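Engineer: Here it is, the structure in full.
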Amino acid sequence: MNTVRVTFLLVFVLAVSLGQADKDENRMEMQEKTEQGKSYLDFAENLLLQKLEELEAKLLEEDSEESRNSRQKRCIGEGVPCDENDPRCCSGLICLKPTLHGIWYKSYYCYKK
């Protein structure tokens, strides 16, 4: 019976010591995996940040082009002479020949539509 106890004790000690070694190895593996995961997440985060910055630059560029092109160029106000062939009247105005007053000037003027 003594040999059974000694054998059992020996097996128990071996199991505990090997189990702790596995536990330490598992802990080390988990730390390595989390470090790799962090580096992967950092890489993915940087890649996403670059894509967002590129997209933002494109959007800002389009906005500046749009505002530059949509801005109304210098225009002629109401009651100001204009050229019949090249009217530059402001929006909401049209280049017409004057009625009654101003007919002696023989010129076109910008009037409201």
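Yeah, the Cβs are placed from backbone N, Cα and C, and that goes for glycine too.
Got these off Swiss-Prot a minute ago, pasting:
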SIGNAL    1-21  signal peptide
REGION    61-83  region 'Disordered'
DISULFID  Cys75-Cys90  disulfide bond
DISULFID  Cys82-Cys95  disulfide bond
DISULFID  Cys89-Cys110  disulfide bond
Engineer: Of the disulfide-bonded residues Cys75, Cys89, Cys110, which one sits closest to Cys95 (disulfide bond) when you measure Cα to Cα?
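Structural biologist: Comparing Cα positions, the closest of these disulfide-bonded residues turns out to be Cys110.
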Engineer: How big is the Cα-to-Cα gap, in Å, between Cys82 (disulfide bond) and Cys110 (disulfide bond)?
Structural biologist: 6
Engineer: Check Cys89 (disulfide bond) against DSSP and tell me helix, strand or coil, would you?
Structural biologist: strand
Engineer: Between Cys75 (disulfide bond) and Cys110 (disulfide bond), find the distance joining the two CA atoms and give it rounded to the nearest Å.
Structural biologist: 10
Engineer: Report, in whole Å, the straight Cα-to-Cα distance of Cys90 (disulfide bond) from Cys110 (disulfide bond).
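Structural biologist: Cα to Cα, Cys110 (disulfide bond) and Cys90 (disulfide bond) are separated by 8 Å.
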Engineer: Among the disulfide-bonded residues Cys75, Cys82, Cys89, Cys110, which residue has the fewest other Cβ atoms within 10 Å of its own Cβ?
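Structural biologist: Among the disulfide-bonded residues Cys75, Cys82, Cys89, Cys110, the lowest count of other Cβ atoms within 10 Å belongs to Cys75.
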Engineer: A 10 Å Cβ contact count, applied to the disulfide-bonded residues Cys90, Cys95: which residue has the minimum?
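Structural biologist: Among the disulfide-bonded residues Cys90, Cys95, the lowest count of other Cβ atoms within 10 Å belongs to Cys90.
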